[in-house]
Amino acid sequence: MEPNSRDSAEPQPALVTRRFRVSGIVQGVGFRPFVHRLARAVGARGWVLNDSQGVQLELQAQDAEIQAFLRALVESPPPLARITAVREEALAEPAPRYDDFQIRGSVDLRYTDTLIPPDSDVCADCLRELRDPADRRYRYPFINCTHCGPRYSIICDMPYDRSQTTMRSFPMCPACAREYEDIEDRRYHAQPNACPACGPRLTLTDRLGAPIAAEDPVRFTIARLREGALFAVKSLGGFHLVADARNEAAVRELRRRKRRDAKPFAIMVADAEAASRYVVLSPPERALLESRQRPIVLLRRRPGSLPDAVAPRNPSFGVMLPSTPLHYLLLEDPALDVLVMTSGNLSGHPIAFDNDTALAQLRDIADYFVLHDRDIRTRVDDSVVRLTEAEGLDGPLLSFIRRSRGYAPYPIHLSQGVGAVVALGGELKTTVAVGKDNQVFISQHIGDLKNDSTFGAHVDCSSHVQRLLSVQADTVACDMHPAFRSTRAAKDRSGMQVASVQHHHAHMAACMAENGLNERVIGVIFDGSGYGLDNTIWGGEFLVGDYRDFVRAGHLRPMYLLGGDKAVKEPIRVAISLLVETFGDELGGLRVPALADIAEERRDVFVKMAQRRLNATATTSMGRLFDGVSSLLRVCHEVEYEAQAAIELEALLERDFGTAPPLEYGIEERDGRLVVDYRPLVRDLLRAIEEPGATPAHLSRRFHSTVVDVIANVCLRLAARYDVRRVVMSGGVFMNEFVVINALRRLSREGLAPHCHRLVPPNDGGISLGQILVAAARARDAAPARGERPATPDRP
């Protein structure tokens with residue numbers, strides 16, 4: 001007799017019937033079979049089904065049994081499920097007496113309100129089968145089940161059924177079909193279910209696309225990698241370029257062919273034990289590395305463990321564990337335990353995700369291609385995260401550098417509704433966001449929109465995410481910069497309300513939103529550039545405001561970018577601008593070691609440009625100040641990748657968060673705003689360079705400490721002026737670990753309430769979230785977008 005059987009002669013408490021709705025990621029993750037098993041375990045009868053809002057179920061049992069069911073439902077859901085709400089619903093009519101518990105067919109799925117499941121790694125059960133010679137999926141590179149595998153990257157439309165994914169090209173064999181229909185099986189309704197007899201297959205080609213007849217493509221790949229060959233491998237959301245990370249010649253050749261001399265490569269290892277040979281791994285970092293999202297985690301490198309060419313001039317390695325069965329197979333040889341895994345793309349282009357594009361774009365980089373015939377619907381880059389543990393923090397601080405595979409498109413939940421709004425982000429590190437009810441769904445990383453292929457991906461992503469979510473947006477939010485392709489795309493959308501959002505206001509709103517703030521705050525927004533309300537380039541901003549409006553309450557003193565955008569690539573131009581702004585005509589009589597690093601004729605041209613402000617763009621950018629100081633300390637005069645000068649300046653600190661005496665600087669009042677004067681800093685820095693024993697590392701620490709001191713002192717003045725305690729910090733500069741950690745500590749000691757990003761990147765990958773919030777706030781007030789108000793202590 002089953003437990004809790006109602007056939008006993010003993011008196012039973014009265015049966016009750018209750019209906020519940022479960023919301024979240026509850027479809028395509030084995031949720032209904034889980035509910036069925038749980039109902040049988042507690043002795044409940046009734047039914048469960050999928051509908052447009054998630055999962056609906058009706059339970060008929062004793063009240064104690066229903067309570068036990070609900071506890072287990074919330075405390076131990078299926079591995080890939082994420083429950084956001086369990087709500088009881090009224091019964092439309094008296095319930096019949098049920099004989100058992102059934103899984104009913106899905107209903108009303110034309111409009112979907114369920115969450116889209118992100119892609120996942122390989123579960124322990126599938127990994128065990130992958131390695132079992134007796135299993136019919138032994139060494140099958142596409143093994144998966146309801147608890148793991150591809151999801152978002154293969155979904156073409158909703159509802160999430162096989163016919164709506166790229167697996168529709170692979171009819172299931174009888175054995176797979178039996179698993180798919182068996183409610184007791186782990187692969188019950190696993191939409192990507194497949195096996196060697198009926199599923200996707202690997203193919204191997206040379207760089208020209210000619211097939212290679214290898215008995216085992218994986219073992220061929222391992223053998224060639226050990227010989228130093230370079231491969232392009234089709235992974236979960238796109239292609240990786242792969243090399244043996246311990247083979248310095250192979251890594252350098254990959255750099256040469258990809259024309260990537262300095263930017264660090266990520267590495268992949270089989271497990272945390274292997275990772276510990278190359279990096280220092282704390283328990284929280286290990287948990288993050290092993291999480292189902294399988295992000296790239298920035299970890300402190302062990303000196304000498306791998307060639308410097310893997311991550312030049314960087315104290316960390318970006319490490320990830322396998323996210324697909326194929327990755328596990330590639331790492332099965334103990335002699336090949338660590339691989340370089342870098343994005344398979346040409347510089348400035350998105351990662352290749354279809355076979356033909358990969359062969360066309362990567363043939364001059366890869367010697368061989370590992371392809372397969374399961375199409376990727378949506379390219380999804382690897383996510384990049386960092387976990388910081390330091391005294392004075394409320395637990396480890398998770399920071400996103402890039403939020404993509406494994407996390408997208410999971411939403412940010414808000415305390416208020418935002419309506420049907422789509423936000424197109426900016427120009428760099430772009431993401432798309434879609435507002436729906438009290439959630440904002442942020443897309444995967446798309447990239448920089450300066451070429452047609454990335455812009456095409458941006459357009460496709462905007463429409464695809466809206467379609468998957470059944471959202472017909474009536475408002476499109478964008479940046480104010482008139483030259484951004486995303487801005488032009490927004491204004492080309494006929495019939496939609498356009499909400500133009502100032503760049504740094506969007507940063508502030510994003511940080512407010514993820515921290516649940518609905519009040520006036522101080523926004524410290526430090527980045528490389530953003531189009532200001534006065535048509536100049538901002539980037540070192542202190543704002544005071546809320547979602548709807550803001551005051552520009554303070555900023556960095558303007559400097560001048562010699563040659564405009566060329567100065568972003570050549571920090572020495574910024575350094576000379578800082579010197580001329582500081583010393584004027586006195587510069588000729590000064591000893592500046594950094595100036596000896598460039599040709600005299602070129603230096604003189606830059607000095608004249610700075611003196612006359614000829615072809616020189618004014619900016620208040622804190623990011624550019626980092627560049628200029630990096631150049632003055634002879635750390636980096638020219639950059640290959642974005643923020644390289646600042647990253648290498650921070651790298652000198654070796655992830656040690658101890659502060660040093662700040663350099664001098666000024667704060668002056670100008671037109672009702674606080675202006676931070678960097679000229680005393682430049683003078684003090686040049687004096688410090690000449691001090692005996694001065695090192696770039698120590699002077700970098702003093703400069704970083706100065707930035708923290710500036711933040712604290714300006715925020716304290718603004719807090720008193722505007723009667724505001726909460727401070728949000730956003731912008732690319734706050735990817736700097738030293739600055740964000742010490743700013744959090746210092747502002748807290750000063751009695752303020754600081755907040756930083758933990759759910760979205762502080763860089764431009766997060767501004768689409770802020771754009772949604774600003775557009776929604778203005779729509780609620782039913783008023784047109786407004787600019788800055790006068791900088792007075794009154795509510796902005």
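Including glycine, each Cβ sits where the backbone N, Cα and C put it.
Feature annotations, reproduced from TrEMBL:
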- 17-105: domain 'Acylphosphatase-like' (DOMAIN)
- Arg32: active site (ACT_SITE)
- Asn50: active site (ACT_SITE)
- 215-406: domain 'YrdC-like' (DOMAIN)
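Per-residue pLDDT, averaged across the domain 'Acylphosphatase-like' (17-105), gives 93. In the domain 'Acylphosphatase-like' (17-105), helix, strand and coil residues by DSSP number 25 helix, 35 strand, 29 coil.
Taking the Cα atom of each, Asn50 (active site) and Arg32 (active site) are about 8 angstrom apart. Using a 10 Å Cβ-Cβ cutoff, Asn50 (active site) registers 26 neighbours. Long-range Cβ proximity for Arg32 (active site), meaning a same-chain Cβ under 8 A and a gap of 6 or more residues, is found for Val48, Leu49, Asn50, Val55, Ile103, His189.
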